[in-house]
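Features as listed in TrEMBL:
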{"type": "BINDING", "residues": "ARG12, GLN13, GLN14, VAL15, ARG16, ARG142, LEU143, GLY144, MET145, GLY146, GLY147, GLY148, PHE149, TYR150", "note": "ATP binding site"}
{"type": "BINDING", "residues": "MET58, GLU63", "note": "substrate binding site"}
Amino acid sequence: MSVEPPQDPLDRQQVRHAMRARRRAQPMAVRRWAARQLARRVARHPLLRNVRRLAAFMPADGEMDPLPLMRRLHRRGITLYLPVVRPGSRVLRFRAWCPGRPLRPNRFGIPEPLPNSSPLLRPRDLDLVLTPLVAFDHRGGRLGMGGGFYDASFAFLGRWRWRTHPRLLGVAWSFQHVPELPLAPWDIPLHGVATERGIWIPRNGSVRR
């Protein structure tokens, strides 16, 4: 049985509940297929031009799996980074990681690179950030899990997403798109969203297949 997001007006917690349930319900075969499609589409996209430092994430809670893409980009020579949660701070740091190297769970149970395995990098020193999300809308609005870590970490971008660095590329299932999210002033918009169906750029609403 599919779980549909609530219709207008959208409530943030209702959207989170519906989308998390729907993505957790995806069969493993569908997850693997979608991850391969994501890797194929993102790896050839112009957003990857001149990218040297790329942050990604380890999937949890049914999130779209970026690992096949990460492996492909690592073979291309792009340095991969994973987020590190620091005690007493919502501002993330990022540590370099190679596929196959050991990880350990943080306090949320999400795998992170081992301490001191490489220097910590500031968010502003990245080129492209693959960003997890629960839902997104036509404006590039992003709804996360509610912790505020990505919004706090990239608050320096403000609303000037087309003039600043790094770029934030959401990674999601295509069904995580909703008509319009109730955004808060601190919500940082995305430069684009990558799904198994293509990459959607909110500036013009187009999808590159």
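In case you wondered, yes, glycine gets a Cβ from its N, Cα and C as well.
Rounded to a whole value, the Cα-Cα separation of GLU63 (substrate binding site) and GLN14 (ATP binding site) is 17 Å. Following the DSSP three-state reduction, the secondary structure of ARG12 (ATP binding site) is helix. Distance noted between the C-alpha atoms of MET145 (ATP binding site) and MET58 (substrate binding site) is 14 Å. Note: the CA-CA distance between PHE149 (ATP binding site) and MET58 (substrate binding site) rounds to 15 Å. Under the DSSP three-state reduction, LEU143 (ATP binding site) is assigned to strand. In the three-state DSSP assignment, the secondary structure recorded for GLU63 (substrate binding site) is coil. Taking Cβ-Cβ distances under 8 Å and a sequence separation of 6 or more, the neighbours of LEU143 (ATP binding site) in its chain are ARG12, VAL15, ARG16, LEU133, VAL134, ALA135, PHE136, LEU181, ASP187. Ranked by how many other Cβ atoms sit within 10 Å of their Cβ, the binding-site residues GLN14, MET58, MET145 place GLN14 at the bottom.
DSSP gives PHE149 (ATP binding site) a helix state. Note: GLY147 (ATP binding site) has non-local neighbours ARG90, i.e. same-chain residues 6+ apart with C-beta under 8 A of its own C-beta.
Note: the CA-CA distance between MET58 (substrate binding site) and GLN14 (ATP binding site) rounds to 24 Å.
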